[in-house]
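First the structure, in the form of structure tokens, and then the observations on it.
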Amino acid sequence: MAVDPRCLLSLCSTISKASSAKGTNDFVKIGMELWQTAQPYLVQALGLQPPPPKVDVDAAVANAGDAHGEQPWVATPLPGQTVRALFIGINYYGTSAALSGCCNDVKQMLATLQKKGLPINEAVILVDEDNFPGRTDQPTRDNIVRYMAWLVKDAKPGDVLFFHYSGHGTQCKSRGDSDEKYDQCIAPVDFQKSGCIVDDDIHKLLFSRLPEKVRLTAVFDCCHSGSIMDLPFTYVCSGGEQASGTPHMKRIREGNDVLGDVMMISGCADEQTSADVKNTATFGTGSTGAGGAATQCITCMLMNNQSLSYGKLLIETRDMLKRKRFKQVPQLSASKAIDLDQTFSLTEMFSVDRSVQ
């Protein structure tokens with residue numbers, strides 16, 4: 001599918017008067033201003049990290065008791081439903097691991113969700129860019145753990161949750177609590193002092209208390225992110241990773257079932273790195289400047305297509321990266337065997353393919 005950059009530019013630049021209010025930030029406008037901030041985005045692999053300390057999930061839940069977010073924009077609410085979102089972008093300023101585009105990724109995702117009218121009641125923004133509009137706090141290990149627990153705190157059937165991470169992803173030797181040789185990790189801004197956060201702990205923080213009929217969408221734009229949420233089902237294609245053969249969902253692990261309806265799109269497979277974009281205007285997302293390739297593709301797909309199926313969203317994201325000569329292959333995993341012909345939605349529960357056990 002050819003993406004017309006003018007289409008998305010028009011969408012981003014046409015701002016509804018009802019989309020912002022006094023005391024809120026207009027992220028669509030901010031996303032447009034990225035046209036003026038072009039700079040290189042250099043990705044460095046962190047290499048194998050030492051196993052970090054385990055996260056005390058009960059303590060994290062207690063610590064999240066008084067945490068709260070802010071309403072980022074005004075939109076028509078979902079009756080009887082709460083919509084929460086957690087955005088994390090880390091550039092690691094002043095360190096040997098420095099990146100340039102991860103905070104821009106958060107701006108681009110916020111702009112996309114605002115333009116689509118997702119009625120977020122509470123948003124938390126953890127970024128290490130001091131002048132980032134609406135920033136909640138620094139993306140330290142303690143803060144990320146606390147606000148992951150906050151995201152799902154008191155969630156009830158019908159609620160809608162959204163999670164976006166852009167930063168370093170890496171691996172560490174497994175702590176021995178799984179059959180895998182390596183754990184996938186995300187790297188907080190203070191990872192060199194406090195350690196990373198492994199996939200096992202991400203799974204427990206987000207899913208151990210998640211009830212049925214809660215919808216959670218997650219985007220991880222980082223290296224080694226294919227199975228970073230340890231979800232039981234993944235998208236597979238009979239024609240291979242890059243092909244568009246017969247797609248279906250497949251169970252890949254037992255014992256990690258999740259009650260809620262959770263879907264994750266990752267920037268790449270576990271063994272891959274998630275590439276950079278030096279000039280994001282080449283993706284037609286209405287912005288330039290540094291940014292993650294997967295974030296730019298996903299936001300472009302969401303803004304240019306109103307009725308993509310789950311399967312088409314992933315295939316066209318992969319195809320766009322392939323056309324731009326990136327080698328990474330985004331992955332889709334879920335808590336249930338999604339009917340891949342179902343129209344993609346950030347708020348609706350899944351239709352399940354009952355043929356997949």
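Positions of Cβ are set from backbone N, Cα and C atoms, glycine also.
Secondary structure at HIS168 (active site), taken from DSSP and collapsed to helix, strand or coil, is coil. Residues annotated as active site in Swiss-Prot, with similarity to another entry given as evidence: HIS168 (among others).
The Ca(2+) binding site annotation in Swiss-Prot covers ASP183, ASP199, ASP200, ASP230. Note on ASP230 (Ca(2+) binding site): other Cβ atoms within 10 Å of its Cβ, all shown chains, come to 25. Annotation note: ASP230 (Ca(2+) binding site) sits in a coil segment as assigned by DSSP.
Per Swiss-Prot, active site is recorded for CYS223 (among others).
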Distance [Cα-Cα, Å, rounded] between HIS168 (active site) and ASP199 (Ca(2+) binding site): 14
DSSP three-state assignment for ASP199 (Ca(2+) binding site): helix
DSSP state at ASP183 (Ca(2+) binding site), helix/strand/coil: strand
